[in-house]
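Below: one structure, written as structure tokens.
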Amino acid sequence: MHFVEVILPLSLAKTFTYRVSETEYHYIRKGMRVAVPFGKSKIYTALVIEIHQNKPTLYEAKEIHQILDENPIVTEIQIAHWQWIASYYMCAIGDVYRGAMPSALLLESETIISQKPAIFVDESLLSDDEFLVYEALQQQNSLKVQDIINILNKKNIFPVIQKLIDKNILVLQEEMLESYSPKLIRYVKLHSKYDSNEGLEELLATLKNAHKQKDIVMRFFQLSASEKKPITVKKLTEVAKSTSAIVKALIDKEIFEEYYIQVDRVNFSGKTKEEQLQLSEAQQIAFEEIKKCFSEKEVCLLHGVTSSGKTEIYIKLIEEYLETGKQILYLLPEIALTTQLVARLRDYFGNKVAVYHSKYSNNERVEVWQQVLEHTPKAQIVIGARSALFLPFSNLGFVIVDEEHEQTFKQVDPSPRYHARDASIVLANNNKAKVLLGSATPSIETYYNTQSGKYGLVEISKRYGNVMMPEIELVGLKDKYFRKRMSGHFSDTLIEEITTALSLGEQVILFQNRRGYSPVIECLTCGHVPQCPQCDVSLTYHKHKNQLRCHYCGYSMAKPNNCHSCTSVHLTTKGFGTEQIQQELVELFPNAKIGRMDQDTTRGKYGFEKIIDSFKNREVEILVGTQMLAKGLDFDNVSLVGIMNADNMLYHPDFRAFERSFQMMTQVSGRSGRSEKRGKVIIQTYNIEHNTIQQVVHNNYEGMYKEQLYERQIYKYPPFFKLIKLTLKHRDFDKLKEGSMWLFQVMQLNLTIPVLGPEEPPISRIRNEYIRTIMIKIPQNQSLQGTKKTIQKMMNSFESVAQYRAIKIAVNVDFY
Ligand code: ADP
Ligand code: ZN
Ligand code: ZN
């Protein structure tokens, strides 16, 4: 008898055994996919992780339907890594498998597919089976895979669907809902009427008196002769020292034509930057130190102040690893940042850079997956957000985790709740690769690891080009309000500085922390604030849509005209967010061009890119934004950064509040004065003397670190204690209360370490489910694996209590 052991893409911790024929047995290798029946009538794409001859004892093994791959598409290193993730983060291996693979590779009977809209299909190129599916989709908008099984009257249909997806005819339904599209870059070329090179002389003659336009056209000719690649509007205006308005005029005259290419899909003609990147002395020293560090250690932290030129050091290191032929993984905290970086890296490495993240279409993700698997030069460097670490690397040599302190590296939901930085270090170890963590404000955990000698540490304390660190001025809000020096949320000092910056043609960034500043509608008569019917939170007022929305479940309603509690019509908006700051700005600076960057304005297509671009192109003078501003953006004309209110970050009830406040303020400040002139930062606060604020002012990372580390030790937090947070949910309040108390007591009895709770979190009901949390703190001297086993056992016995079975538990290891 012959069997395979497989992982199913379901939230199941076990692997399953299926029967295969002898021929199949000799054909199948670990890492291939097979279509298997499961449950009554479902079909799933399973992953083979073992081939054996051990008959399962508990159940009769079913036969697989079909082998889906000719070669493994998942490597053994990967499988081992996924098993580590499942074990470390206490989640089902099926969750990891499901989260790791592009969903096009995970077809199942329930998958819904439709035809890609607006495409031309050459029916003669379709096989009979493919044609039948295609034809069926002319009658119906979408089909379940199960329907197709019926139409074709056979079980082995995944390859048919896969082919149709590869041919770009079918898409998975989920994708249809995705609104994300990567950034488009604007290019210009000569208008097509000059395609034959005729009329060029006349063209220049017509521009005889338009010097600026003529100049830019001449520059265009020069550039196209020397670069032999598409020319961006940005490059052209830079080289010609001209403006986009003049390019626009030429487009209007039909001399130029504009066109757009998706930034990360541009194919360069192989020509990369010729003038070599020259590291500054400080960068060169850091570069050498990092290499030296790698001869002794696996992981190194590059702690370089904002604008010290960390990216350029990464580029130099990548260059060296490229020569060894190894693969390189570059992780970023935010998808929105990849476009900026990709453009920068493509300048150096041309076609060797691939991009991968969860918002990519299935086709694109499968394409990169294959490239990495086959180890093609096209994907030798992979840039991506956290999910890129699931790619089938087999020869990884170097991993960069940029902005390693960012909490977005930790996945919160759904499971696997992994930390991409930590998981990538384990992945690198399995590949014998080196890891470079980079940040201007390292996380306490990482810095602690450098102090204990586990990681190496390289520091740069100067900005590139000897640009000075910005000058930070504190403005005391208490005093300003007392002396009536405030206009709305703006102190006279801040207004003065903005006025000066604007008058010098410089740009301004204003930072408003999102947390706790969602605007709401309040009744002036009875004080009622509309609440979400399904969650215990106030509804947020969205002015431009004239709507109230729940940020937790998406519930929305039109803005009411009268109070739902007392029917009064006297309603007011309360709280202040970026929107209100923007409004106040319009009144204070009626002539300034103001932009806003927050969840609202960046939601739409290209939202983020548009705002960043218009700010870079100086079409916007003052940019108001939330945390998004803190993440590694490089603007060269910003001379002033204003932090509207530092206090609400500081007093967030979270053991990381001070660390985060320090990081946020330092990072936002770091956007100021990145070129010659020294930048300025104004921080408005009620707590001028607060240690964290003083540490920001004096750029005193060490001081922040030491203080926070001390607190962490006293109050039993990381890095001294590992945190595991259990979140229990149920629709029945009393049952949840009772169940979580039961589990808590069992844990307290059986674990000799701190167990806290069961706590009702500040938001204790979401989507009509009540929530309780239990926090477990595991000290350094205690076996982590052993404790996790005990916890798992107790959760299992919890599940075996009939009345608690319906209570869901989410486990979050290394809760952030
Ligand atoms: P960081 O990531 O440390 O904040 P960046 O890598 O974004 O800093 O560099 C800051 C600015 O300095 C960027 O505009 C970058 O192009 C420029 N820069 C840094 N190093 C160099 C170098 N060696 N040569 C030219 N420009 C550099
Ligand atoms: Zn009322
Ligand atoms: Zn809600």
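A Cβ is built for glycine as well, from the same backbone N, Cα and C atoms used for every other residue.
What you are looking at is a predicted structure, and each value in this text was computed from that prediction instead of being measured.
Taken straight from TrEMBL:
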type: DOMAIN; residues: 291-460; note: domain 'Helicase ATP-binding'
type: BINDING; residues: C523, C526, C563, C566; note: Zn(2+) 1 binding site
type: BINDING; residues: C532, C535, C550, C553; note: Zn(2+) 2 binding site
type: DOMAIN; residues: 536-712; note: domain 'Helicase C-terminal'
Message = Just to be sure I understand the contacts, which binding-site residues have a Cβ under 6 angstroms from any atom of ligand 2? Candidates are C523, C526, C532, C553, C563, C566.
response = C523, C526, C563, C566
Query = Which residues, same chain and not among C523, C526, C563, C566, have a CB within 8 angstroms of the centroid of the CB atoms at the recorded Zn(2+) 1 site?
reply = L524, T525, G527, H528, H564, S565, T567, S568
Remark   = For C523 (Zn(2+) 1 binding site), the closest of the binding-site residues by C-alpha position, picking from C532, C535, C550, C553, is C532
Message = Applying a 10 Å Cβ distance cut-off over all chains shown, what neighbour count does C526 (Zn(2+) 1 binding site) have?
response = 12
Task = Enter the number of other CB atoms within 10 angstroms of the CB of C566 (Zn(2+) 1 binding site).
result = 12
Ask   = Cα-Cα separation of C553 (Zn(2+) 2 binding site) and C563 (Zn(2+) 1 binding site), in Å?
value = 22
Request  = Consider only the binding-site residues C523, C526, C532, C563, C566: which of them have a Cβ under 6 Å from an atom of ligand 3? Write none if no residue does.
outcome  = C532
Other residues, Cβ within 8 Å of C532, C535, C550, C553 Cβ centroid (Zn(2+) 2 site) = P533, Q534, V537, L539, H551, Y552, G554, Y555, I766, R767
Request  = Determine, from DSSP, whether C550 (Zn(2+) 2 binding site) sits in helix, strand or coil.
outcome  = coil
Key: Residues satisfying Cβ distance under 8 Å from C550 (Zn(2+) 2 binding site), sequence separation of at least 6   = C532, Q534, C535, V537, L539, T540, S556
